[in-house]
Amino acid sequence: LGAVEASRPIPWKTEEPLWVSQWPLSSEKLEAVTRLVQEQERLGHLEPSTSPWNTPIFVIKKKSGKWRLLHDLRAINNQMHLFGPVQRGLPLLSALPQDWKLIIIDIKDCFFSIPLYPRDRPRFAFTIPSLNHMEPDKRFQWKVLPQGMANSPTICQLYVQEALEPIRKQFTSLIVIHYMDDILICHKELDVLQKAFPMLVAELKQWGLEIASEKVQIADTGLFLGSKITPKNIVPQKIEIRKDHLQTLNDFQKLLGDINWLRPFLKIPSADLKPLFDLLEGEPHISSPRKFTPAAHRALQMVEEALQEAQITTNSPAKIIDWYPDAVAQPRSRIKAAVTHFGRDPDSLIVPYTAAQVQTLAATSSDWAVLVTSFSGQIDNHFPKHPILQFALNQAIVFPQVTAKDPLPDGTVVYTDGSKTGLGAYVVKDRVISKQYNETSPQVVECLIVLEVLEAFPGPLNIVSDSSYVVNAVNLLEIAGIIRSSSRVANIFQKIQAALLNRRFPVFITHVRAHSGLPGPMSLGNDLADKATKLVATALSTHAQAAKEFHKRFHVTAETLRRRFALSRKEAREIVTQCQNCCEFLPTPHMGINPRGIRPLQMWQMDVTHIPSFGRLQYVHVSVDTCSGVMFATPLTGEKASYVIQHCLEAWSAWGKPRIKTDNGPAYTSQKFRQFCRQMDVTHLTGLPYNPQGQGIVERAHRTLKSYLIKQKGSIEDVLPSVPRVAVSMALFTLNFLNCDAQGHTAADRHSLEPDRPKEMVKWKDVLTDLWKGPDPILIRSRGAVCVFPQEEENPLWIPERLTRRAPSQLQNKKDGGQVGDEDSPTRDDGSYDGRVTVGHHVYLPPTDASDAECPGVPIFHK
């Protein structure tokens, strides 16, 4: 094998030997095991063993008739510390330079070419049972990385990386991409590649790694990691649209809606897709049958070919690349993000079999054998200890089947829509019925109109809606259990649920893309419902229509529309964002988009994250102050309301009693927690059910806390015990009391320190009325602007610095020697601004990862 000295030891949790007995094997399987083990021993992969460790083996027959040896290493995996990920995603192949030459190789039997650390080999021993105990059992242990060992992929990646390191150092201009056992080398000059390739083969051979000669690709085009690399582009190997499920009008409507949405990107003229669109014509019922015509098949093949040719171009060396600091690049993350894929198995698998039955199944069934060796988690047969689950185990429960999964051929077809003006409408057989509601959310209005339809049509029913929110909610409500009154839509959901459960006939609800421009009865019905809400909405909202016309002419800001036409901020902003001329100039959303408090304790976000390595204390409850950035976390044994209350009491006793915002988890919406908040006089807010609002700040806090737990692991074990509570306390101490921002303040400083001066009062000029107003207090100063809180307004306003003047009483204090602020105030005597930033009240964006910690939070100012 060679390179044994470079093999990597595995960290173990215990030195206690583990023995899992080998189960009996049939004569046929025993013969196959003996033959396979002899072959592996001859190749140097196995050696005889007298180890006190043992785990079972078995064999499965492949489709080709050959046998495959499997080793059940789940028990051994539980005894080892898992290595962290060393390569968390696939390399981005479009980063390869254009027109460079390639050599692609594949390492043959990579795992079996890498030696196992000698001291670790006894742990991977197994037994070949003798028939009828006629002789001592033969025992062997692996000398190479075994299949199924949890750390084998990581050790393989690190081992191959070390083997490639001399080539990387010797040929610095050579691009070397390595992923598991696949290697790609790339260079502009073919001569350099031809010189590097034999040295690469020789270096790999010194490490005991052999390349598969039949898989070597030497050209400017090749297949690598599921993609085809050409001199100019990266293309997928094969794309085909699934067609076997396309049978009804509803099926084709969904497919063609997506194709029509993608058509401009694929640069396909709509005339070329007319045979496909013609399939939507005819019988109007959504369950009416549809079949492909030869012309439609050709049109769909055109779409598949266009998808196949939708290539990613490789990197041109002559192209100028703009580099941005991390904080600046965040708004461009959608555009400049790398293609990265992550995956994670569940921690446990619940099956209706005992441990002995699972072992029997693994010994007799090939499918079970593959499962138990490939699944790294725990296989159990105990459901969580929950009263509802225990009741379901003891009592036969039949879930209602009112909401159908397929269109109902004999059902009435109804199209629904709702608008923000409170107007809802539904269309049945070209007849439009409208109804006005006292709501401003389109989703809520559409929920109400769907409820109206459910009550008006008791027979078989097909509902078509352009709101994914409503479609998903209706499909979930039938088996959602008890809905607690945690928001203003809970009552509507309760009524929809009751209407579904009381129905004798089934109902089918489906989604259709709005404003698709496609032909056919489904698009026509949706357009009729949509126009019904818009026509009446125009008559009901003359102010909004006038504002649209005014903006269409002058393209003024949303704030101007709000003041001039007495609109809400939401209405004014929608007019601006829907303008085709203005949309490309709108500011990009940034990291501070989540609602934040403008002072400590004004808004906390709270959530639960899971850290499996903590064992029973894996449920870590986290709270973060959205103003100061102070974080508090409590590792507990559950996430019920009682644990949430325990976390709240500990957090509030340390940092004060806040207003809190959470998601709609069962613990947060429970009667027990609501009663607790009332008793403690704490305001608790949640988002809409089935439509959770952003909890981005606390989600980033989860990531930050976990990163510090990883970074600080082992740093305090020589002083303090390595237990979850100590680890969490150490991380919180660092985040709250050590990490500083640009002003030298920690999160604890920002949370506890109050301004040592009174609010500065200024008079300010309203540009619309040309009148001076105030004096009013300043909350925040920024470069060229101040945030003023008018006493007669509901919210603060941003005013240009040049349109403000210090209040007369404060000017007099200034002349008399009194200090309105301090000697470093950035405002001159004439009311102008000297360019420095001072703080009336800062709202900080706390550091969330390593990059933020190097350049900690800048102030985020909110209106």
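Cβ from N, Cα, C; glycine included.
The model shown is predicted, which means the values in this text are computed figures rather than measured ones.
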Besides Asp417, Glu446, Asp466, which of Asp272, Asp278, Asp530, Asp607 does Swiss-Prot list for that Mg(2+) 2 site? Asp530
Looking at the Mg(2+) 1 binding annotation from Swiss-Prot, with Asp181, Asp182 already listed, which candidate in Asp72, Asp99, Asp106, Asp258 is the matching residue? Asp106
If I go by Swiss-Prot, the feature DNA-binding region sits on one of 10-59, 710-759, 760-809. Which? 760-809
Would you identify the secondary structure of Asp181 (Mg(2+) 1 binding site) according to DSSP, in three states? coil
Which residues, sitting 6 or more apart from Glu446 (Mg(2+) 2 binding site) on the same chain, put a CB under 8 Å from its CB? Thr416, Asp417, Gly418, Gly424, Ser465, Ser467, Tyr469, Val470
Under 8 Å by Cβ from Asp181 (Mg(2+) 1 binding site), counting only residues of that chain that are 6 or more apart: Asp106, Ile107, Cys110, Cys156, Val160
What are the other residues, in sequence order, whose C-beta lies within 8 angstroms of the center of the C-beta atoms of Asp106, Asp181, Asp182 at the Mg(2+) 1 site? Ile105, Ile107, Cys110, Tyr179, Met180, Ile183, Ala212, Lys215
Within 10 Å of each Cβ, count the other Cβ atoms, then let me know which of the binding-site residues Asp182, Asp417, Asp466, Asp530 comes out lowest. Asp182
Secondary structure of Asp466 (Mg(2+) 2 binding site) (DSSP, helix/strand/coil): coil
For the zinc finger (542-583), the averaged pLDDT of the predicted model is 76
What does DSSP assign Asp417 (Mg(2+) 2 binding site), in three states? strand
